[in-house]
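Asks: Have a look at this one before I ask anything.
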Amino acid sequence: MEESGGGSWRDSYKGMSSDNIKGLVLALSSSLFIGASFIVKKKGLKKAASTGTRAGVGGYSYLYEPLWWIGMTTMLLGEIANFAAYAFAPAILVTPLGAVSIIISAVLAHIILREKLHIFGILGCALCVVGSTTIVLHAPQEREIDSVLEVWNLATEPAFMFYASLVIGAAVFLIFRFVPQYGQTNVMVYIGICSLVGSLSVMSVKALGIALKLTFSGTNQLFYPQTWIFTLVVLTCVITQLNYLNKALDTFNTAIVSPIYYVMFTSLTILASVIMFKDWDRQNGTQIVTEMCGFVTILSGTFLLHRTKDMVEGSSVILPLRISKHTDEEEGIPLRRQESLRAP
């Protein structure tokens, strides 16, 4: 009886494919680079502030600080690795791993910047690790795609076209109806736009990444007009996403924006990937439920870490929702997607 049970478990879990392993390594490398980049940039900002006007009050002396540029270069390397990860692994594996950079930032801030990590922050890091491990072990295998035309066919199926129409319609409605009245008072308006558009940007980035991967492997995809259509969609979505994310960060507190954005962005990206690439069609119910449990565990860890990152031992100070426009740029270590797409 026990052998039968063990055999069924081995049948349901066949291990990670080589593409999934490549995507995992690239995603973790991206987390390492981007998580470390926040620390390096912050040290550069502090050093620049000691000799010039602080960035938080409109100064640009950090542009002359080599440490800040090293941090920006490190972040760029992380974004490149993240872009490549989507070409090898499904979004349901890559996107949630963005939380790993939070752990790296928090730990490095504790060691290098001497910023105290609250006991609940340590628990949040542990939850992120457990959730990420759960998703990695049960993530679906990457779909075999031989041409960008296959991705285009997936993107133009009725189910995903319906989803994309809803997303675009909702984003346009928020921009023209809610932003003028509620953008400065309700954090969900800006974050909603970023998350909706972000889910489409990740699908387009994945399509473009697959096209480039096939091109570099010898099957040129650059002569297909669909490749350039995906590129145009990426640029449009990225510009829109960054614009409203910057508005959210400029208006509301980082500790509020980060976890809400992570939850909405990651949830919508997973939903888009499930619809477009049919990730769950290759899995059984147990694997899907396990992945969702891992995702909820990451969300819990992310929320706990950000909610307690400004608390001191024995204190229960919680930051207010709103902050002034000229908040110090050095405040806290932000979630990776605040200054980057992370997906893209």
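Using N, Cα and C of the backbone, Cβ positions are placed for all residues, glycine too.
In case it's useful when we look at the structure, here is the feature table from TrEMBL:
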TRANSMEM  20-40  transmembrane segment
TRANSMEM  67-88  transmembrane segment
TRANSMEM  94-113  transmembrane segment
TRANSMEM  120-140  transmembrane segment
TRANSMEM  160-180  transmembrane segment
TRANSMEM  187-211  transmembrane segment
TRANSMEM  223-244  transmembrane segment
TRANSMEM  256-276  transmembrane segment
TRANSMEM  288-305  transmembrane segment
Asks: Checking distant contacts: for the transmembrane segment (94-113), what same-chain residues at least six beyond its ends satisfy Cβ-Cβ under 8 A?
Replies: 23-24, 27-28, 30-32, 34-36, 38-39, 42-43, 78, 82, 85-86, 121, 125, 128-129, 131-132, 135-136, 202, 262, 265-266, 269-270, 273, 294-295, 298, 301-302, 305-306, 309, 333, 335-337, 342-343
Asks: Please give the sequence-distant neighbours of the transmembrane segment (223-244): residues at least 6 beyond its ends with Cβ less than 8 Å from one of its Cβ atoms.
Replies: 147-149, 151-152, 171, 190, 193-194, 197-198, 200-201, 204-205, 207-208, 211, 341, 344
Asks: In terms of Cβ proximity under 8 Å, which residues at least six beyond the ends of the transmembrane segment (187-211) contact it?
Replies: 83-84, 86-87, 91, 95, 145, 148, 151-152, 155, 164, 167-168, 170-171, 174-175, 178-179, 221-222, 224, 227, 230-231, 233-234, 237-238, 240-241, 244-245, 247-248, 251-252, 256-257, 260-261, 264-265, 267-269, 271-273, 276-277, 321, 337, 341, 343-344
Asks: Apart from its near flanks, which chain residues at least 6 from the ends of the transmembrane segment (120-140) lie with a Cβ under 8 angstroms of it?
Replies: 13, 16, 20, 24, 89-90, 92-93, 96-97, 99-100, 102-103, 106-107, 279-280, 282-283, 287, 290-291, 293-309, 311
